[in-house]
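Undergrad: The structure is given below, and queries will be raised subsequently.
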Amino acid sequence: MKKLNYLLIVSFIFILNLLISKSQVLIDVTAKCELIDSLSPCKDNLNYTHIYLPTGYTQAAISAQITPLFQQASILPTDCQSNLKNLLCISSYMECNENIPNISPSFPLPSYPCNKYCEKVKDVCSAYMAILGPYVNCSAVQNGNEFFPHTGTDYDLTAYGGSANEEIQCSGPNLASNSTSAPIKFCPSPLIWVDSDTINNKRAYQETTPNCVLPCPTNVYTEKEYKTKFYSEAILFSFSTACSFYLIFTFGVFPNKYTNRNWIIVYLGITAICLAISYAVQEARYGGGDWRCTSDPGRYKSSEDGTCILGGFFFQIGGLGTILFLSLYSFDMFLTMNMMTNKYFIQTSVGMWALIIFYALLPIKHYESSIASAGCWLSNEDNMFWQYFCFYVPSYVATFFLGVFIITSIYKVFKMTVMFKSIKDKRILLLNIRSIIFLIAIMFCVSFSTMYPLYVTYNGDDFSKSVEVYVTCLYANIPNGNEVCPQIVFPQFSLRYMNAITMAIIGIVGLIGLGIDPHILQIYRESIRFKFLLGLVGIQWGTNSPQPLKQGSTTDSSSGSGSGNGSNSGNNRENRKSQRKSRGVSIGMKKINLSASSESSNNLLNQSTPGNLNINESISSIDTSNNNNNNNNNNNNNNNNNNNNNNNNNNNNNNNNNNNNNNNNNNNNNNNYSNNNNNNNNNNNNIERINSDNV
């Protein structure tokens, strides 16, 4: 604002000099004297009542130029402004001297301002002489006469029948006048004049010069930029709200069981909805016009207005809550990676919610909007105390821990990559990587949203410069400044736009990072509440879903069908159709045949001798022996059990489908037997042990 003050002083003195130069016509026979207007801003500053008006000038024209300058003199210290006002008045409203003797025709002459009053201004305004100096020249000369004479001005009136040295005494102001006179209620359009008490008591006025405030609303971006921002926010906040409700229902309503992670995701969904509510409040049009404006001309909404409190409260919960719960999510992920749990999760959650609500209610009398804001938030009064105490400090502490846990988790995942190199199923690793990417993305959004207000605050000169140029133009172009002065345009719209986007996509980022997972489908399939809701509209969900096979069951249908097709190469078409129809039954038959084969093999083990043991019987015995040995040696013979069970299944299928394929079965058994030897070298030992038992 100091820079603006200097610019206005320059403008003030420039117009003062312009007024003086235009009013100095040494002899103007058509000039006239008039009684000073009672509404003139200089009425109390003069010790005379009749003023000199050169040809073409009126009191109204002089008053129109003097009034804004009088107003701007209020920016100076009291002693300086009072003397500067006096000098302005005696230079613009010169004392009129009538009844000059011996001249014809009769005409009045002006009294120039005395030099001592100019010197007084230089003395009391010495701190501003670096700016005022070129314009307050007390030794200036115009048309051969001193502009600020020490005693008076000599006029040569011989051409009019008068004296060659007619002296007219210099004039001075009313020294009894001071700066406590009634203020001039004038501001150039579109600025609005507001008394000081109202500005101080109600706040939220954008004061440019003393008592002159910007109108509400004042556009600080182009129409295209406003539309781009509005439509982007409307679309993204709508999607973000839908995504947030999806997260709340998926992780907070439908699950049959709840984890700490579920609750944190629900918390994040709630805070994202709070941000959307604050946006909805600020974009509402109550009776038309801009939401930020009140019925008081020039005043933006503050804590005196209920809607401002509502919007600021939800924005504080949404912004601060998102940051705190993201740090809690990163902490929970850190514990999970280290095989630990948060035993005090309930207490932590309650404490965080209490802290968020506390920080939203504490500054309830300090929410306000402004020319640069989209809605209501914490004011920057008291050296930004409320912003730092209620938002920046807790959010930056939470962001610090969020960063620590993210870095620690990245290191943990890096170590996990070594462990998962030899494992085909890397889903756990991929899920952890996705969670980290989500946290990094959401951390960027949060960090940008919290840093942008600080950027605006600490670069305020760049933004106020646009206002200064605009206001200076208004004063320099009275009364047409509003028509000729360009609109205020704040710099860095791209940053402002990015700030709006990062807040609007919180729910969308949450959906991508947390709500798209194969596990989600399982939640809905198993959800009792979801099935109940579907049942209300006549939809059955999950009743015919496949059940998991028990351990020891046969292979899937695709394996069974493959064996059947291989053994039916010689069958006719009817047999193939019959088998396809009975494919579901063959699975059960395999299990029965497998049991029968095992029983038959046990009989062979108990009754046979080495002399009557053939290769097929030996293979069956080996299969059964392997199954028995697997009960005692799970670690060594699991693969043999699976292979031998498959052999039995293949044999059973072959027996069911074609009784004439014994040779093929033997070949298959031999091949499978060879595979068993390749998978487990203990088969030979099993054969020897079987022969020994038979002996």
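Numbering starts at 1 and runs along the chain as displayed.
Glycine too: its Cβ is placed from the backbone N, Cα and C atoms.
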Undergrad: Disulfide-wise, see what Swiss-Prot says CYS42 is paired with, picking from CYS80, CYS89, CYS96.
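TA: Of the candidates CYS80, CYS89, CYS96, the one Swiss-Prot pairs with CYS42 is CYS89.
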Undergrad: Would Swiss-Prot put ASN380 and ASN260 on one side of the membrane?
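TA: According to Swiss-Prot, which assigns topological domains, ASN260 and ASN380 fall on opposite sides of the membrane.
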Undergrad: For the set ASN47, ASN593, say which residue Swiss-Prot annotates with N-linked glycosylation site.
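TA: Among ASN47, ASN593, the one Swiss-Prot marks as N-linked glycosylation site is ASN47.
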Undergrad: Average the pLDDT scores across the topological domain 'Cytoplasmic' (409-435) and report the rounded value.
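TA: Average per-residue pLDDT within the topological domain 'Cytoplasmic' (409-435): 70.
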Undergrad: Report, in whole Å, the straight Cα-to-Cα distance of CYS42 (disulfide bond) from ASN137 (N-linked glycosylation site).
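TA: On Cα coordinates alone, these residues lie 22 Å apart.
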Undergrad: CYS42, CYS89, CYS114: which of these disulfide-bonded residues has the sparsest Cβ neighbourhood within 10 Å?
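TA: Candidates: the disulfide-bonded residues CYS42, CYS89, CYS114. Fewest Cβ atoms within 10 Å: CYS114.
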Undergrad: In the same chain, who gets a Cβ under 8 Å from the topological domain 'Cytoplasmic' (329-343) while lying at least 6 residues past its ends?
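TA: 260-261, 264-265, 268, 401-402, 405-406, 408-409, 412-413, 416, 432, 435, 439.
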Undergrad: If you count Cβ atoms within 10 Å of the Cβ of ASN47 (N-linked glycosylation site), leaving out that atom itself, what do you get?
TA: 13
Undergrad: Please spell out the DSSP helix, strand and coil residue counts for the topological domain 'Extracellular' (457-500).
TA: 31 helix, 0 strand, 13 coil
Undergrad: Could you find out if DSSP has CYS170 (disulfide bond) as helix, strand or coil?
TA: coil
Undergrad: Counting every protein chain present, what is the number of Cβ atoms, excluding its own, within 10 Å of the Cβ of ASN137 (N-linked glycosylation site)?
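TA: ASN137 (N-linked glycosylation site) is surrounded by 14 other Cβ atoms within 10 Å.
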